[in-house]
């Protein structure tokens, strides 16, 4: 009743009722929000794992574990569950797609949970998936480096020494992920996975180091990844000087033997030969009954079947299989492996080894190569920490939590010119392993097979120490020699004394040492691809040039009259024949069977002569072509009114220009040949050809080409001589482009220069052929056909056509001379008008044609003897020209 009364009273008082409803609504809304905020089924926002960005205050990284996290509560509402999954999907950042588990573990990229994986197809076991634990060794640290190498233990040892020495003076350590590369074909996949791991699973990652050989193999992939990836310097810089020194100091007999060097790569061969020359030791291959073989690498031992003295230099760790493939009494030169244990004392300062290194062995060359780059990187890191971090109050070390943007220096360090080299003693001192220097030795062993039982054939192989050289002190020690040979080592002739360089050929870096003896070198065609290309171009160009030359000679013999004197065209064709034939000296070589073949004094003279012939031909044929083009360009620019000099240069002056240009170049080339022959010991053609003096030899030819280019504005509009002006312009521009191309290519090295010079010659010849001679031949053929058609028309018998034809044949300008029309009256000559239109070639200037025009002139005199001369038609552009001067006498007509 009270409620009804209240409602009834509310009808009478609506304002209190409305206020009551608003209060009830607000209370309900607050209750609902409170329930939502305290609901156990509400999940927090998921955490996205991406590459961390440096901030002003960065906390130390938290390690990611693989155990599944527990959820706060679960919901039974399907709609809410699907909605949450839809929000999580775009936030998950992973390199590999995996099934959704519905837990926060799915927020972590799969590569962070499982690490790196390799799928290997084996013939015996099928498809095998290798886990990260099988090929990755890890030293934990706050700032991480990765290494892809064949020797992960040496890389781990270097980082251990960096942390023990605390080169960065910080309260954190450097971590490393050392990835063992057993198969080079798997390196690309592992590198890509490691980049993804460092980007998504680590907070502070500096970059990745890769073995030198792998870096060269993956260089294109590394550029595409755009990550901090650097090569580890090769170990050959530490090994090859030791090999050369031990060989030089090794006791040897008095008899010299032929030396054959076998390497896996040409780069390895060149580096060893340079190390041998530093010892002034020449290891040459020649005809001999006694042979010495020096074999580099671990892959060639099983292929060695020769008899002789063998020196084997493995570049990686050796095993029993490698030693078993070597013949008995073979010498092995390799670095000793240093065993790591708790009993090894590395330095006077007490240090410790990480547990993962106990019982392992390292190679000195690997340690020194990697340590040099790491020390320089740590110095840069310490400098960056001093700018972006604060020191702690207790230990005066840089505190990681106070650092910001301290890895930005890497962009500058990755540039090689900013790096510094460190010698061996400095590396050992900085990494607190000075006492390890006595164990870093490069040793020479000799394999000996001892027969234990003659009946069963049981044998035992041992390596007998011959000599060793220390990496730090370079002191050489010999073992057992005095006892085994019953003589003093100092009284024995050394290997380096027997194979000493007998003669040094000046500064010739290609053939620096010469020998007396029988030559083993021979002639052959080069096996390079560019030789086949150049020979093809030369043969085709020679065929085309001969075809044009035969065509012109045949047409001249038939009595055709061309625009202009064909003599220059014939000379230009002959010069092109020389251009295309000049490829022969560049396509042959004088070599031996081995790269280190014995070079005698006679061989050096032969090589010097071949080089001189190449230089002489190159400069001379360029001069022939450019001189002819220049004299034609001068003539075109000096005649007519198409923008030239408006002064005439006759054929004699053209001949003088061409002859002077050629004789000047011949004189300079002959002088060079004489100087190289007289002073062959001090002046080497190889140094000229492969050095900067080559540009001095080509300076004169380049000046002629520039002169032709300077005349382009004066000749490009000329229509004379089958539009020779524009054709010379096209040919000159093509030659200039070709010159820029081959000169640029020749700057990349000797091999590029060997190909660029002859190919540039052939391309220049084809530029003249395609730009000038082939179009001109087409215009000649077209002119001959037009002349044949014009002479076949009925108007040939008309008097007007005969007079016009007579005029066109009597032009004395620019060799437009027709011998058949020279006998004309003076009145007809005075009424001729100038014309710049090229004339048509006339067929045959024989007696029948002369009799035909004589009859026409007689008929003209009988029909109209008092005919007034026609008034010349003056064009507005040539109003100042009325007529040409009288035609010269028969014996004064000159063809240009």
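Using the three backbone atoms N, Cα and C, a Cβ is placed for every residue, glycine included.
Quick caveat, the model's predicted, so the values are computed rather than measured.
Feature annotation from Swiss-Prot assigns compositional bias 'Polar residues' to 52-64.
Per Swiss-Prot, the feature compositional bias 'Low complexity' maps to 65-84 (among others).
Residues or ranges marked as compositional bias 'Low complexity' in Swiss-Prot: 874-884 (among others).
Per Swiss-Prot, N-linked glycosylation site is recorded for 183 (among others). Less than 8 angstroms from the CB of residue 183 (N-linked glycosylation site) sits no same-chain residue that is six or more residues away.
For 307 (among others), the entry in Swiss-Prot reads N-linked glycosylation site.
Around the Cβ of residue 474 (N-linked glycosylation site), the number of neighbouring Cβ atoms within 10 Å comes to 12. Secondary structure at residue 474 (N-linked glycosylation site), taken from DSSP and collapsed to helix, strand or coil, is coil. Residues or ranges marked as N-linked glycosylation site by Swiss-Prot on the basis of sequence analysis: 474 (among others).
Under the heading N-linked glycosylation site, Swiss-Prot lists 485 (among others).
Taken from Swiss-Prot, the feature region 'Disordered' applies to 38-84 (among others).
Residues annotated as region 'Disordered' in Swiss-Prot: 825-844 (among others).
Swiss-Prot lists 861-896 (among others) with the feature region 'Disordered'.
Summarising the annotation, Swiss-Prot assigns signal peptide to 1-31.
Computed over the topological domain 'Extracellular' (32-530), the whole-number mean pLDDT of the model equals 77. The topological domain 'Extracellular' annotation in Swiss-Prot covers 32-530.
According to Swiss-Prot, the topological domain 'Cytoplasmic' annotation covers 782-896, on the basis of sequence analysis.
Among the features that Swiss-Prot reports, transmembrane segment is placed at 531-554 (among others). Long-range contacts of the transmembrane segment (531-554) within its own chain (CB-CB distance under 8 A, at least 6 residues past either end) are made by residues 525, 562, 566, 569-570, 573-574, 576-577, 579-581, 583, 586-587, 758-759, 762-763, 765-766, 769, 773-774, 777, 780.
Remote same-chain residues near the transmembrane segment (570-588) are listed as 523-526, 531, 534-535, 537-539, 541-542, 545-546, 548-549, 552-553, 610, 613-614, 617-618, 620-621, 624-625, 628-629, 658, 754, 757-758, 761-762, 764-765, 768-769, 772-773 (criterion: CB distance under 8 Å, separation of at least six residues from the stretch ends). According to Swiss-Prot, the feature transmembrane segment maps to 570-588 (among others).
The transmembrane segment annotation in Swiss-Prot covers 615-637 (among others). Tertiary proximity for the transmembrane segment (615-637) is limited to same-chain residues at least six positions away from its ends with a CB under 8 Å from its CB atoms, namely 568, 571-572, 575-576, 578-579, 582, 585, 644-645, 649, 654-655, 657-658, 661-662, 665-666, 668-669, 672-673, 685, 688-689, 694, 697-698, 700-701, 704-705, 707-708, 711, 714-715, 718, 720-721, 724-725, 728, 731-732, 757, 761, 764-765, 768, 814, 896.
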